[in-house]
Amino acid sequence: MDHLTSRVADVSGLRVVLAEDAVLLREGLAGLLRRFGHEVVASVGDADALLAAFEEHEPDIVVADVRMPPGFTDEGLRAALTLRAARPGLAVLVLSQYVEQTYAAELLDTGGGIGIGYLLKERIGDVKDFVDALERVAAGGTVVDPEVVRQLLSRRRDPLTRLTPREHEVLGLIAEGRSNAAIARRLVVTEAAVSKHMAAILAKLDLPPAQDDHRRVLAVLAYLRA
Amino acid sequence: MFTRTALEAVTRPPAAFLRSSWPWRSLAYLLSSVPLAALASGVVYAAVEFGVAIACAAAVLAVVVLGPVLAWFERVRLRLVDLAPVRVDRTRSAGPRAGLTARRARQASLPGTRVRQAAHPGTRARQAARSRARVAARLAACLRDQATWRAYGFVTLALGVMWVVDLGMVSLATWIPLVLLSGPLQPDIDLATGLALAAAGIVLLPLSAYLMTAWAGARAMITRAVLAPADAEVVRSRARLVDAFESERRRIERDLHDGAQQRLVALSMKLGLAKLDLPPGSPAAAQLDEAHEEAKKALAELRELIRGVHPQVLTDRGLPAAVLDVAGRSPVPADVDLVLPVRPPVPVEVTAYYVVCEALANVAKHSGATRCSVRGRLVGGTLVLEVGDDGIGGADPEAGSGLAGLADRVAVADGVMTLSSPPGGPTSLRVELPCPAPAPAETPRPAPSPAATPCPVLPPVENTWTTSPRA
């Protein structure tokens, strides 16, 4: 049984604190999460309110926009980093209208990269995928936006050129934080085939073999960011 | 044609020139050197009467005390032979940042923002101390200002040499024709010879006009170059324009981010939710799918557009992060080695950022390279950036590759751009931007990266094409 899918079973009914300054989006997001059976215990519009709401509600996961009042720069991200520093295991999903490697790196460097997500805000549109990502993060998974992964993969690193195109594709999906089962579904192959690709990739990149999906994601991300 | 300077006047058709006021203006201009002559003669007289030491002291004193007055006098009389406006604005000559400061001061006095007033009445001593401090600060600014020293240099030259040439030209140009003209009146010359001499004098008069006007024009040109350099003002006004454009771009970015982008995300989410409610395979579901895809494409396009308008990460995290980000999106794999111990001032950061963007775009479009590199260090007070690739070389700044625009942008920041791109490659673009110590941060800035190390000096690249603001 897949590690992540086993955890997904107990991530229904999450208690969520939502921080997003655009009212339209905040309400929409809250409605969406409720529809999937999660409870939005607080939805706030700025970083200070987020910290206060966290203290009050002790949620399972925090969903925060990067850019929030009063400075409209990266207050949400900083608040997320503060929360992660105080509570390393806290699941945090950071949303942004643009993605930056730098921000991804800052988030992954907290709490050992466990239970962290960083996604483009527009991924909300793919409702099911989005909720799935949220649940994976709540379960201690790591979710990195494909856009960031694409940037990381495009950086020149000699061993990467030894990968076949298919392996490249699989590597990208791993880095996004997807499980073997999810990758198999995406590429319309069997899980066994994915496992084979995976072994080949790990060998080519001199990464230690890992059965655990999550450890594998972190190893791959650490490799790509190095 | 409208003539603005004496030198332009000289190039006009002779009839037009001689009928114009320019010869007379030039004469007046040169004759206005008489006060300088008087002053210099005074010094010479002092040398004869009281000894060389006292005369030297008097000369130095005269230059120091009268320097600013004489410089003002030179600018005023410049108007006789140069109709272009002369602007000497000391608050502006402190460099491009001065404009910014002035703008901030204006913003601070907008209604709605509170301006702090002198709080305690009757504290005259404190006010006096403050005004003394203000005077001292202005004096210090004056002494730091290049223009002050240029003015002193020019005044010394004018007092020492120029008045001799000025008055010498006037006497040369007027004396000989006048002597010749007086031929018929001379008692010991017969009338025929006298008339012939007078005719020669009449012929010489226009030549004198040319002689005087030409020297007056040349002198005016020197005066303008030293005392009222126009190009520096142009560079500064360009810098202000770039600043204005940049803040406008930020505003547009904010508007798009808070408006269209949020709405599109909300729309995309609603479409996504609607899809859940429709039975798969129904005609409406297919339509909805298409609509959803379109919305996502629009979002992606808008995201790229916004990034192009103003890179938020540059504001939030500084140049290295922004460059890393650009390099990450570069189709040609790029190695980044950019270490800055402090954040440069915002205009320098923005210029450097656009330099890297444009350079990487050029690498992708024209170079045929398989890899490239971006290196940057702060060396002394200069930000040195190098973008190199292993492509085919032969980059031509004249061929509309965006390099010319880049050079302009660098020139506005008072920087220097050097391109080395021999046919066959490799290409290396080096940009040096003056980088004064950052102003006290107006927004909270993150601490410098722990990786910050003292910067090794980059070796200069072979110089095949250089632009500089003065080139």
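Placed from the backbone N, Cα and C atoms, the Cβ positions cover glycine too.
Per TrEMBL, the features are as follows:
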TRANSMEM  B:27-46  transmembrane segment
TRANSMEM  B:52-73  transmembrane segment
DOMAIN    B:104-227  domain 'Putative sensor'
TRANSMEM  B:154-176  transmembrane segment
TRANSMEM  B:196-218  transmembrane segment
REGION    B:419-471  region 'Disordered'
COMPBIAS  B:435-459  compositional bias 'Pro residues'
Sequence-remote partners of the transmembrane segment (B:196-218) [C-beta within less than 8 Å, at least six residues beyond its ends]: 5-10, 14, 17-18, 22-23, 25-27, 29-30, 81, 165-166, 169-170, 172-174, 176-184, 189
Stretch-averaged pLDDT - the domain 'Putative sensor' (B:104-227): 76
Secondary structure content of the domain 'Putative sensor' (B:104-227), with strand meaning DSSP E or B: 102 helix, 0 strand, 22 coil
